[in-house]
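A short worksheet on the structure shown next.
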Amino acid sequence: MAGAFKGCQKIRGPQLRNLLEAKDFILLDCDGVLWHGEKAVTGAATVVNSLIRNGKNVVFVTNNCTRPREKYVHKFSRLGFTDVMLEQIFSSSYCSALYLRDVVKISGQVFVMGCEALRSELQEAGVPCVEEAEDPDATIYNCPLAPDVKAVLVGHDDKMTFLKLAKASCYLRDPDCLFLATDIDPWHPLSGGRILPGSGSLTAALEVSSGRKATVIGKPSRFMFECISSQFEGVDPAKCLMIGDRLETDMLFGANCRLDTMLTLTGVSQTKDAEEYRDSELTTNHSFVPDYIVDSIADFLPAFEEQDEQSN
């Protein structure tokens with residue numbers, strides 16, 4: 001169980017089935033675990049649909065803030081995940097909206113350094129955002145600044161400009177202005193060996209320019225788990241399993257929340273990365289180590305096939 005240091009146990013067959021039987025909640029990352037872009041990982045849809053139909057509470061925790069939850073539902077359906085409901089999806093953008101609305105009860109506007117989907121999620125929750133007028137000639141020397149900005153929220157922004165960074169830096173000179181980040185993922189893999197800078201790279205730039213540290217909402221912060229616990233009854237960390245593909249976010253998130261963790265090898269991190277953390281003399285690195293490793297989420301399939309045979 002969480003806290004008993006196992007480290008990188010390759011698991012399959014009866015062991016995997018027994019683990020599933022001991023868990024009530026299955027927390028799943030999406031990118032790299034269930035799909036790559038618009039291509040589902042082989043067997044992933046069958047596994048997720050089977051988990052739900054077998055009475056497991058399946059929850060999706062993703063740092064990807066580039067689409068609102070409604071569009072996530074459409075993507076799940078499009079890729080064959082037919083049983084997924086809106087309330088099962090906890091994205092960093094949705095949790096950021098909950099944090100601003102319910103935790104800090106923001107009284108002014110939020111300056112968003114992020115994509116339109118992030119703004120959409122905030123607006124859906126009734127959190128007011130600064131409206132940005134598009135003026136190609138505007139500079140930080142002459143552009144207007146909103147007078148009632150109470151928070152700056154940084155997320156993925158593929159239309160990032162130096163002016164946005166400069167405005168955010170100005171707002172954060174007010175010590176009462178909150179500095180939040182959806183997540184601190186440094187980069188995301190693309191096809192052909194290319195990478196896409198993540199929200200963490202933008203957050204780092206603003207931390208340097210403002211001299212402040214951001215409060216992180218998404219993984220590995222505990223807040224996403226607190227959101228889940230507030231919306232589902234009976235969430236016991238000992239009865240939860242966190243499955244992800246990134247050691248520094250998914251596994252650390254599980255460790256921070258005292259959950260058992262499982263690494264799938266269909267995404268960013270690989271077994272050798274986990275073993276390096278496991279064998280490190282720095283005890284802080286041990287929080288990145290998964291309890292279990294599977295090649296793919298499809299490794300769950302035999303467990304369901306055995307259940308079906310036993311029920312017949």
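Quick reminder: no glycine exception, Cβ is built from N, Cα and C everywhere.
Over in TrEMBL, the protein carries these features:
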BINDING   D29, D31, D245  Mg(2+) binding site
ACT_SITE  D29  active site, nucleophile
ACT_SITE  D31  active site, proton donor
BINDING   H188, K219  substrate binding site
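Structure with TrEMBL features highlighted.
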{"residue": "D29", "record": "Mg(2+) binding site", "Cβ within 10 Å": "23"}
{"residue": "D31", "record": "Mg(2+) binding site", "Cβ within 10 Å": "19"}
{"residue": "H188", "record": "substrate binding site", "Cβ within 10 Å": "20"}
{"residue": "K219", "record": "substrate binding site", "Cβ within 10 Å": "32"}
{"residue": "D245", "record": "Mg(2+) binding site", "Cβ within 10 Å": "24"}
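Per Cα geometry, D29 is the residue among the binding-site residues D29, D31, D245 nearest to K219 (substrate binding site). Counting only the Cα atoms, the space from D29 (Mg(2+) binding site) to H188 (substrate binding site) is about 14 angstrom. Same-chain residues that are not part of D29, D31, D245 yet have a Cβ within 8 Å of the Cβ center of the Mg(2+) site turn out to be C30, G32, V33, L34, T62, G244, R246, D250, T264, G267, V268. A straight line from the CA of D245 (Mg(2+) binding site) to the CA of H188 (substrate binding site) spans 12 Å.
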